[in-house]
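Participant: TrEMBL lists B:35-108 with the feature domain 'Phosphoribosyl-AMP cyclohydrolase'. Per TrEMBL, the feature Mg(2+) binding site maps to B:82, B:84, B:86. The Zn(2+) binding site annotation in TrEMBL covers B:83, B:99, B:106.
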């Protein structure tokens with residue numbers, strides 16, 4: 001345990017070997033997890049500064065303002081960082097479906113003993 | 001986009017180069033994000049089979065049943081997988097504080113323009 005990082009009040013993200021931290025976005029109203037993505041230092045800074053979620057796209061290797069093309073932006077209501085500062089929790093108001101499949105949340109399938117089942121995340 | 005993985009009903013996790021997927025745990029009652037950790041194939045299987053959250057500890061390089069030593073286990077109520085199957089969302093009932101610092105959630109600090117502030121996640 002690194003006490004300063006784990007308990008202090010200095011922002012000191014623990015970026016991984018690719019320069020990224022994990023970002024979890026929940027719906028500020030329902031609390032549902034909408035998506036999980038990654039932020040580099042620039043994306044984290046822009047998210048804090050602008051109030052709209054920015055990420056680092058690992059597949060495209062580029063900065064990505066969520067909703068830049070789809071219009072389905074994520075307006076930030078609150079941001080938290082975890083104990084070891086390698087993950088952030090973004091509470092956001094989504095302007096539309098968050099998932100590229102058109103689902104409200106990327107987590108639209110339940111894992112069960114028999115495999116996956118589609119679920120309505122509005123339930 | 002891989003249509004079968006993104007939209008199908010076959011569990012086919014996309015493990016990273018370390019054999020891991022991201023696991024987000026929320027409180028089944030409050031919806032708060034409690035922790036973010038990682039699962040390998042064994043941890044995912046044990047979580048589904050036993051109904052208690054298991055992870056892969058990257059720092060200890062070992063399988064880890066959450067609460068094995070502290071008693072603060074996470075009883076699974078629901079599990080979801082995201083579109084590209086590299087992250088799971090676990091809704092759980094925590095038997096005690098989830099964070100090793102003693103906080104109820106690992107996300108006990110807010111990120112603001114001025115740095116971090118401690119918050120009560122029960123608010």
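Glycine too: its Cβ is placed from the backbone N, Cα and C atoms.
Heads up, TrEMBL stuff is auto-annotated, nobody curated it.
How buried are these features, and what lies next to them?
Facilitator: DSSP places the residues of the domain 'Phosphoribosyl-AMP cyclohydrolase' (B:35-108) in helix, strand and coil in these numbers: 10 helix, 30 strand, 34 coil.
Around the Cβ of residue B:86 (Mg(2+) binding site), the number of neighbouring Cβ atoms within 10 Å comes to 17.
Long-range Cβ proximity for residue B:106 (Zn(2+) binding site), meaning a same-chain Cβ under 8 A and a gap of 6 or more residues, is found for B:34, B:35, B:36, B:98, B:99.
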Participant: Quiz question: given the binding-site residues B:83, B:99, which has the greatest number of C-beta atoms lying within 10 angstroms of its own C-beta?
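Facilitator: Checking each of B:83, B:99, the winner is B:83.
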Participant: Least buried of the binding-site residues B:82, B:84, going by other Cβ atoms within 10 Å?
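Facilitator: Checked B:82, B:84; of these binding-site residues, fewest Cβ neighbours within 10 Å: B:84.
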